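Feature annotation from Swiss-Prot assigns [4Fe-4S] cluster 1 binding site to Cys21, Cys57, Cys86. Per Swiss-Prot, the feature [4Fe-4S] cluster 2 binding site maps to Cys156, Cys160, Cys163. The annotation domain 'MTTase N-terminal' is assigned in Swiss-Prot to 12-122 on the grounds of sequence analysis. Annotation comment: Swiss-Prot describes 142-385 as domain 'Radical SAM core'. Residues or ranges marked as domain 'TRAM' by Swiss-Prot: 388-461.
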Amino acid sequence: MSTITSAIPDQKKVGMVSLGCPKALVDSERILTRLRADGYAMSADYAGADVVLVNTCGFLDSAKEESLAAIGEAIAENGRVIVTGCMGEEADAIRAAHPQVLAVTGAHQYEAVVGAVHEHAPPSQGPYVDLIPQPSEADIKLTPRHYSYLKISEGCNHSCAFCIIPQLRGKLASRRIDAVLREAEKLVAAGTKELLVISQDTSAYGVDTRHEAKSWKGREVRAHMTDLARELGQLDTGDGTPPWVRLHYVYPYPHVDAVIPLMAEGLLTPYLDIPFQHASPKVLKAMKRPANEAKVLERLKGWRAICPEIAVRSSFVVGFPGETEDDFRYLLEWLEEARLDRVGAFRFEPVEGAAANALPDPVPEEVKEERYARIMELTARISAEKLQRKIGRALPVIIDEVGEPDEDGDIGATGRSQADAPEIDGAVYLRNVPATLAAGDIVQVTVEDADEHDLFGAIARV
């Protein structure tokens, strides 16, 4: 639940439960920013809220179950609940499970959800529109101050067989490049040290607008991933250094190659999140994904030649309909050669409305589980081998949390290297840090040990 309080008498308070991906989190921030402009405060718990918003996820059946459970908990604890987000597109299913909900709105229907809050918990004060920026430039953050998600577009033009994002979020709709850069500049000025660029398809940014250029700092800048990355890398965090800039959800188009030199130059964090999903040409074709796994291996080698520090994260689906043991072994062999830095895997789940549901030869659940265990075992071993090579090196680390002194007075801290995005990747655990260290500080750390996913070390002596 968000915590933003106010001393204004009788001010109505809103609670927020945000589920799902970082893109949904950005939507939650935007909704809360608008509500604060309209005179609301935010409640840190159910008891203090006049109404509770539940921003749902509807991508997988398991996510829908989690969303319905969260709605039920909010109803039990508070009783006045408004539902929004991706599962909001299934209003009948929500009302069948929880008829007490006050209102249901769909994904990124900002005006509708704000209107529902006004209807069921009218603000006791007038709007404070002069106190904060426009809603498109999120003022309320649900992440720590030192990192922020920067959403550059909504929707997707692909028709992957396992996905219903286009039905939930629509076709690609890119934000104006100048609006994105203004938001990024504002976030950095407010203390953000790390920008995480997100969308449904970051590589396609600007395709729908034919990469329309806008004026920025006296020059024309195109709405294109490469141009955006270059501009973000020129922002100043206040000490003469740029923020860390990570690219997430990058579809492997050929023009992705152009951002690798920016990483080598230090303008962009050497990190790419590319959801390859599989390696077997047969499975990729069934998924309606690009099937050129050999070319991907060549590109990985080329990227590493240009920027040896690059970390590549990806996600894969196991147990897709028609996936044979040979297909799965092909994937494992491909992963052995690709040696990706960070890997997430998911067991295939049928999603209502997805084309994959009609495919023949479903994989039994016990086979999915066995394959999931095998892919996680392999990728954990590869990760451990790669992290072992970092022992003895000094790496830049951004601090996420500083602990309390132990009985000996030693203070520990947790941070992340440039190879680690928040919440989904590994961590760096530091020992005996100075009491002056704070979240958001970027320090050089000497790596002393490593396991399958995390590093351990101490601040390097200058």
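Placed from the backbone N, Cα and C atoms, the Cβ positions cover glycine too.
The residues near the [4Fe-4S] cluster 1 site, meaning same-chain residues not in Cys21, Cys57, Cys86 whose C-beta sits within 8 angstroms of the mean position of the site's C-beta atoms, are Leu19, Gly20, Lys23, Ala24, Thr56, Gly58, Phe59, Ala63, Gly85, Met87, Ala107, Leu168, in sequence order. In this structure the alpha carbons, written CA, of Cys86 ([4Fe-4S] cluster 1 binding site) and Cys163 ([4Fe-4S] cluster 2 binding site) are 13 Å apart. A separation of roughly 18 Å, to the nearest angstrom, links the Cα atoms of Cys160 ([4Fe-4S] cluster 2 binding site) and Cys57 ([4Fe-4S] cluster 1 binding site). Cβ atoms within 8 Å of the centroid of the Cβ atoms of Cys156, Cys160, Cys163 (the [4Fe-4S] cluster 2 site) belong to the same-chain residues His158, Ser159, Phe162, Ile164, Ile165, Pro166, Gln200, site residues excluded. Put plainly, the binding-site residues Cys57, Cys86, Cys156, Cys160, Cys163 were compared by Cβ crowding within 10 Å, and the winner is Cys86. In the predicted model, residues of the domain 'Radical SAM core' (142-385) average a pLDDT of 94. Between the CA atoms of Cys21 ([4Fe-4S] cluster 1 binding site) and Cys163 ([4Fe-4S] cluster 2 binding site) there is a gap of 14 Å, rounded to the nearest whole number. Cys156 ([4Fe-4S] cluster 2 binding site) sits 17 Å from Cys57 ([4Fe-4S] cluster 1 binding site), taking the Cα positions as reference. Cα of Cys163 ([4Fe-4S] cluster 2 binding site) to Cα of Cys57 ([4Fe-4S] cluster 1 binding site): a span of 13 Å. Residue counts for the domain 'MTTase N-terminal' (12-122) under DSSP (helix as H, G, I; strand as E, B; rest coil) come to 55 helix, 21 strand, 35 coil. Its Cβ taken as reference, Cys21 ([4Fe-4S] cluster 1 binding site) is surrounded by 17 other Cβ atoms within 10 Å in the chains shown. Taken through DSSP, the domain 'TRAM' (388-461) splits into 1 helix, 31 strand, 42 coil.
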